[in-house]
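According to Swiss-Prot, the protein carries these features:
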type	residues	note
MOD_RES	Ser174	phosphoserine
MOD_RES	Ser175	phosphoserine
Amino acid sequence: MAVRAQFENSNEVGVFARLTNSYAVVAIGASENFYSVFEAELQDVIPICHATIAGTRIVGRLTAGNRKGLLVPTTTTDQELQHLRNTLPDSVKIQRIEERLSALGNVICCNDHVALIHPDLERETEEIIADVLGVEVFRQTIADNVLTGSYMALSNQGGIVHPKTSIRDQDELSSLLQVPLVAGSVNRGSAVVGAGMVVNDWLAVTGLDTTATELSVIESVFRLGEMGPRGVGMGSTNKESIVESFY
């Protein structure tokens, strides 16, 4: 399912939230409707942690994570770290990273199996990403942009990349990630798809400005109509039911 939301007049949902298959981290703020969207879809399924990171609300840009782990910058306070540890499932590893490129959400794009990272991240950071998130790590650019986390949104089902990504690059990335990719936009033409939305295997949340066409592309490439949270990892439904859902 794909839904639209706004965080205090901002459509950049991926700036203020981080969504995975085992938890969600959402910024603390005055946006009740923003929380209610997440709570309506996730409440009984995965924990939603209301948090700040390094005293700021841009939790989606400062963190990177998947079902197995969460990476936070070294500027994260001890209290914030403890709050995350108390709220997130015990199976999720939480690790502070000392890294010059500290907006981890901008420089790391990952699902539960693979991470695409900024070419200039330190070697030690690359090892921590592989260890904590349990993924294969590749240094990559998206349409010649080094900010992989900003210009790509990825789940275990599919991904959306910067609208100017060439067909050749899309094919290359798709075979690397082993998921279908599409070049697209969110929030009425924004190329910053990673910061404009959050997605896991059964839910996408995008900005209120996202058009119906953009939303249908998102639902299609991430295969969001196919299974609810209970069905994650159980394989997808057969093709007939997908075809029927278009009528």
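Note that Cβ sites are derived from N, Cα and C of the backbone, with glycine treated the same way.
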Across all the protein chains here, work out how many other Cβ atoms are within 10 Å of the Cβ of Ser174 (phosphoserine).
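Other Cβ atoms found within 10 Å: 16.
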Within 10 Å of the Cβ of Ser175 (phosphoserine), how many other Cβ atoms can you find? Include all protein chains, please.
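The answer is 10.
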